[in-house]
Amino acid sequence: MRKIVIAIDGYSSCGKSTTAKAVAAELGYAYIDTGAMYRAVTLYLLERDIAFDDLPRIEQALHDIHIAFKRNRKTGRNELCLDGVIREDEIRQMRISNSVSEVSVIPAVRHTLVRQQQRMGRKRGVVMDGRDIGTTVFPDAEVKVFMTADVLTRAQRRQQELALKNEHFELEEIAENLRKRDYIDSTRTESPLRRAPDAVLLDTTHMVIDEQVDFVLERVSASLFSLAALGNDQNGSEAVV
Ligand code: DC
């Protein structure tokens, strides 16, 4: 069966990655969490005390850094690997969340990561989540979904996720971090967070994960159906007049 690209963009903590992972598992597609890649660059710069305005050192860092995803055989999950070491837990910490938007506005960082993401998805058969997948990375993605949810609902979900990792924060502090990231992500000049004109909107405020996954899978079926119909039409039919 033909393989397509599924782009899932939207605000932070809307359930993008949980939905994208489940859709990828259902279809046997690769899942690429592009936010993890921006987080990895942030961790790399912080660990080396590279200031976010020190362009020469950032460019050198982008040349040296090696970002990949490795499948954890036990959990079956893709984990972010920075210079050969799994750094999945560190990149999710609040100190990274607090700086990642500043790093992701840097054009050199975006160019490097966008190129890498395009290489990762060149054979199609991927579900990619992020902020600019449907607009910049794969503007020709066959399925585009733009996810949103009420900020307090998102903060509650994030608070629960962090609590599971023993990181405890007030709801308002998390909501403030989300608002700040939403603002920076949607106002930056280089590929800002924006709904692609052909992306379908998915508000997850009152939805559970299964409903979100079904919603995307329905879109995928519709897309595969119309691609197949188009293929049949082009290959199998002849003009009669
Ligand atoms: O999805 P996330 O919250 O892990 O993403 C972390 C940050 O990375 C987010 O604040 C914005 C940035 N990002 C981006 O600019 N472009 C992407 N394609 C993915 C994430």
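Using N, Cα and C of the backbone, Cβ positions are placed for all residues, glycine too.
Owing to the predicted nature of the structure, the values given are computational and were not obtained by experimental measurement.
Noted in TrEMBL for the protein shown:
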- 6-220: domain 'Cytidylate kinase' (DOMAIN)
- G10, Y11, S12, S13, C14, G15, K16, S17, T18: ATP binding site (BINDING)
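Here the features listed in TrEMBL are placed on the structure.
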residue: G10; record: ATP binding site; Cβ contacts under 8 Å, 6 or more apart: K16, R131, V145, F146, M147, T148, L193, L202
residue: S12; record: ATP binding site; Cβ contacts under 8 Å, 6 or more apart: R154, R158, L178, R181, D182, D185
residue: C14; record: ATP binding site; Cβ contacts under 8 Å, 6 or more apart: M147, T148, A149, R154, T204
residue: T18; record: ATP binding site; Cβ contacts under 8 Å, 6 or more apart: I209, Q212
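Annotation note: G10 (ATP binding site) sits in a strand segment as assigned by DSSP. Summarised as a single figure, the pLDDT of the domain 'Cytidylate kinase' (6-220) averages 95.
Of all the Cβ atoms in the protein chains shown, 25 others lie within 10 Å of the Cβ of K16 (ATP binding site).
Checking the binding-site residues G10, S12, C14, T18 against ligand 1 with a 6 Å cutoff on the Cβ atom leaves S12, in sequence order.
Highlighted in sequence order, T19, D129, M147, A149, R154, T204 have their Cβ within 8 Å of the centre of the Cβ atoms of G10, Y11, S12, S13, C14, G15, K16, S17, T18, the residues recorded for ATP, and are not part of that set.
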